[in-house]
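*Asks:* Sharing a structure, written as structure tokens. Questions coming.
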């Protein structure tokens, strides 16, 4: 109450921010007459004037009023569009390292031109980040005339572009591209073998469109570049045959409940748990198939990989559904993005899950992959000097933006007041009743000439609604991952009178729905339209536009609630743009996933009390509140998962930064001989110390062991025992010096043969290759550590602290291995003539190119990472699922080391 009162008196933080910025808007408006007087050339010359002022030490911030006034005037001349005052406010918010919440239809694309131009003046580059290639291309081409008029270059960064084209795109003042492509380029740059192979510049300013989709929805999914591992496709096929024999039961066995099935599914945690009976049956079937020996346990350490295959196959059958989580196209399993409903071509699930789904669908199984490099979006975007974003719906996630990215959210007012009617939810008992009610609503609305947009959460649901509409004889368009090639065309005409459009998640569709359809799209469809044709198209559009306004604008139907209120708001936001009328309503049933998992008992209890009849709906504030609470629960759970992931990834991130900094320094220098000499000293000191402990008696020295080690690991034949016999005065220190001096001498002789330049080149190559190889192994080891670390909680230890401690120890060990491997490789190398070295380098490049083509870019869902390393030493004794776990945690085996992810 007190907070409300104080807000009324002093205004909220949002109001105060906008009040401060409105003063600058007045300044920009005051400059307008002055800018109008300038000729085109004088206006263009402003860019160089601003650049010169920045070079002399003026700050970018001090140029805001003038620079924004220049962009507004240029936009009037190039596009015939003048930035509204609210768009100027949005531009300032974006320059202020904040997130601008701007409603759909308020012109976010035009708003972005202001901070993009301003921040490009410093010459360090601006990255505009969009959710898909289509939008990156569209926005770049749409804004190119404006930026080029002002003397700015524009680049587009698309997947599959050759490196020179990418380098050119990044060298431009303003670069458009997708979040994935920027992230993958960063990883690829840190795998480059020469400075010329890198494409990105230093990361300066990122302007993220649909920022909630990129920084929140996709934050749980790391970007991964992986290379091929060993082939195990036959095993996936064999295990896949076994799974259909298993029967699912409703809930997990417990002291009070014993089911009849073989496994249970925890939908909330997306996990599958084998029952005691299931385990026995699987072991019998594995023995029958000849995969496992009789009397063996699936949980014995030797069967860890087999357990991994069984887990993956179970999850593929029980948790992943065709046309919801993936589609099968041209004999390939393609993932469907759960947030946007788009297909993710070339992406693969990790941990063998993709192969298990391929086996289930009977398509060709592709090899498993090994991680070569990975980063989360959270850590990638935090590398930018300056970060800002815009979206139609950020306010519900303001806390997360602030706590993780240190970004404040500012709600920018709309240019015209919003008059859309958001009707209360209707809840039905069954899915069929709900679909029927939706069809009736569509019939009623289209009879009045009102266009309808139906939002569904999966391809499967969109096809169910489509079939029912076809039965009812209602013409409609379907927009889902299967047909998104003609997506923009469908969206552009979704505002036609009585048009019906079904769409999977509308997040990130990026095209406004114009009431009466898009006359621009009709003009674009004609080859060489005359003035009369254009005038006629506009006149026809005006008639349709007025008819749709009279019918009540665009009506939105949601077929079920999403996990996040934000995505519901995005769907609603497609209607009522720029002060247009519109309406929206969500239809729900007790069979919807969200209701079933999170809100079922309470709401179905209410419905029974109210004595519902088939076909009847409940419309009550209590129900709406219960649903909002369910969504809040899911949102906070997802936030916790993302925060947890980030805390763990921060550990890896510090190491990644250290390795990448070291690697880039290596790339940028041509001579690493000083480094090599320094680490050679360290390596020989540590090697000698292992056999001749410092300050020890001669009886404790293992001279033969040292000679053997020097021969095997460094290819050095040294008669140390003979030296000691002949020269009694040789002591520990002088012996060390002699061994080191001899090793340097042998190395210098090799250098004389091939020449110093070739040797420097070779040293650098060895260091880079060794670093990459060890980093790859380190990433795999970190993955294993991460999967089993939660079990430390049973020993009253904080898993996060343990993870930090152990991963640091592993990192330190990796750096020691790096030194040892580099010196060992350089010592063992057989010297050849320069021509042969050149040929070997050529061979290495060809091999690198071949591997690059085999690399997979994936955007793996980390929630689904397989848990619990099953290396518990269970011995020969078979452990019951409900027995105490032998690790001593006090938990049941099935809930500890016997737990299936």
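Just so you know, glycine gets a Cβ as well, placed from its N, Cα and C.
Since we're looking at a predicted model, the values are computed, not measured.
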*Asks:* For the ATP site that Swiss-Prot assigns to 105, 106, 107, 108, 109, 512, which of 87, 520 is also named?
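*Replies:* Only hit among 87, 520 in Swiss-Prot's ATP site, alongside 105, 106, 107, 108, 109, 512: 87.
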*Asks:* With the ATP site defined by the record as 87, 105, 106, 107, 108, 109, 512, how many Å span the farthest pair of C-alpha atoms?
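*Replies:* Output for ATP binders 87, 105, 106, 107, 108, 109, 512: max Cα distance 17 Å.
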*Asks:* Identify all same-chain residues not among 87, 105, 106, 107, 108, 109, 512 whose C-beta atom falls within 8 angstroms of the centroid of the ATP site's C-beta atoms; report them in sequence order.
*Replies:* 102, 104, 110, 111
*Asks:* Could you list the residues of the same chain, at least six apart in sequence, whose Cβ is under 8 A from the Cβ of residue 109 (ATP binding site)?
*Replies:* 139, 142, 143, 209
*Asks:* Looking at Cβ-Cβ distances, which residues of the chain lie under 8 angstroms from residue 105 (ATP binding site) while being 6 or more apart from it?
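*Replies:* Within the chain, residue 105 (ATP binding site) has Cβ neighbours under 8 Å at 512, 577, 578, 580.
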*Asks:* Give the number of CB atoms, excluding that of residue 107 (ATP binding site) itself, located within 10 Å of its CB.
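*Replies:* Around residue 107 (ATP binding site), other Cβ atoms within 10 Å: 19.
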*Asks:* So of 106, 512, which of the binding-site residues has the fewest other Cβ atoms within 10 Å around its own Cβ?
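*Replies:* Lowest Cβ count within 10 Å among the binding-site residues (106, 512) is 512.
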*Asks:* Which Cβ among the binding-site residues (87, 108) has the fewest C-beta neighbours inside 10 Å?
*Replies:* 108
*Asks:* For residue 108 (ATP binding site), just give me the three-state DSSP call.
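*Replies:* In three-state terms, residue 108 (ATP binding site) counts as helix.
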